[in-house]
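Each remark here refers to the structure printed beneath this line.
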Amino acid sequence: MGGKTFMLMAGGTGGHIFPALAVADSLRVRGHHVIWLGSKDSMEERIVPQYGIRLETLAIKGIRGNGIKRKLMLPFTLYKTVREAQRIIRKHRVECVIGFGGFVTFPGGLAAKLLGVPIVIHEQNAVAGLSNRHLSRWAKRVLYAFPKAFSHEGGLVGNPVRADISNLPVPAERFQGREGRLKILVVGGSLGADVLNKTVPQALALLPEEVRPQMYHQSGRNKLGNLQADYDALGVKAECVEFITDMVSAYRDADLVICRAGALTIAELTAAGLGALLVPYPHAVDDHQTANARFMVQAEAGLLLPQTQLTAEKLAEILGSLNREKCLKWAENARTLALPHSADDVAEAAIACAA
């Protein structure tokens with residue numbers, strides 16, 4: 001068997017899982033072997049095997065805000081999961097582990113440390129997560145998507161995104177020849193964002209019909225009927241879908257996006273070159289979505305609107321002030337932030353550490 005064996009540690013949310021999948025592809029294209037360490041009964045348990053990657057799981061869940069009993073059990077749980085992770089590393093003869101975040105990353109990383117296996121960390125958010133903060137002390141390489149995610153020195157590589165998004169034409173080429181009302185894409189993630197589903201239709205109803213943007217609105221799971229009913233009741237035309245399967249076309253055709261500010265969303269916006277009205281999820285750990293959003297806003301690639309300030313009236317005021325020229329400028333500024341070779345950069349750093 002040729003190639004080295006890498007263990008990717010990522011779980012809990014798509015923001016950890018999908019960048020790791022992009023790195024897995026980059027490693028496998030180079031002839032290396034990949035296994036995945038995840039949690040039982042998790043998103044990664046449903047997604048990762050579909051990509052032909054061997055999945056190993058630990059019985060571990062989060063410790064933040066989960067009650068005194070779970071925290072009292074933490075030392076025992078950690079001991080048990082670290083031992084299991086050591087067994088997995090030995091079994092597959094892992095030569096380097098790559099941590100992307102999520103509960104499973106810490107016991108997997110600690111197991112690697114105890115076995116003398118090199119650790120590489122990739123942090124997707126502007127504020128480093130708990131597992132990655134701890135593991136960064138032992139990591140051979142610390143990589144991050146946003147400047148200053150860690151207090152110590154590391155490597156800025158961005159967040160891995162799909163190549164077909166990075167390969168979209170530049171904003172000036174996409175915007176050329178566009179006329180009439182703006183076309184706005186609304187996405188709140190695969191589960192949707194209730195506050196966007198409620199407020200966006202109300203805001204559009206406050207605008208004169210002749211200046212209302214054209215809306216392409218992803219409702220999220222099990223929310224399409226209510227969203228479409230709200231638009232209809234307000235007399236506002238919009239194209240609503242439960243889930244957008246072709247995000248490349250959606251990004252290509254949009255003038256602007258209204259969305260949350262998860263790390264993967266920011267990475268895709270910058271890769272595509274799209275400005276955004278960002279409404280960070282207010283309950284994200286360490287308020288990392290607000291920090292993510294500021295990254296784009298500071299580059300004049302969009303606006304940050306805290307959820308506490310999101311009203312139909314405020315949103316209508318913002319939408320009414322926009323024009324295609326401003327959206328194009330935001331899109332061009334967003335594209336300057338893109339780091340399209342992120343997956344390859346992470347893979348090459350890990351290969352060097354495993355040498």
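The backbone N, Cα and C atoms fix where each Cβ goes, and this holds for glycine too.
The structure displayed is predicted, hence computed values, not measured ones.
So that you can see what the record holds, here are the features copied from Swiss-Prot:
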BINDING   Thr13, Gly14, Gly15, Asn125, Arg162, Ser190, Ile244, Gln289  UDP-N-acetyl-alpha-D-glucosamine binding site
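The DSSP secondary structure for Gln289 (UDP-N-acetyl-alpha-D-glucosamine binding site) is helix. Of the listed binding-site residues Thr13, Asn125, Gln289, the Cβ environment within 10 Å is emptiest of other Cβ atoms at Thr13. In sequence order, Ala22, Val248, Glu268 constitute the residues six or more apart from Arg162 (UDP-N-acetyl-alpha-D-glucosamine binding site) in its chain with CB-CB distances below 8 Å.
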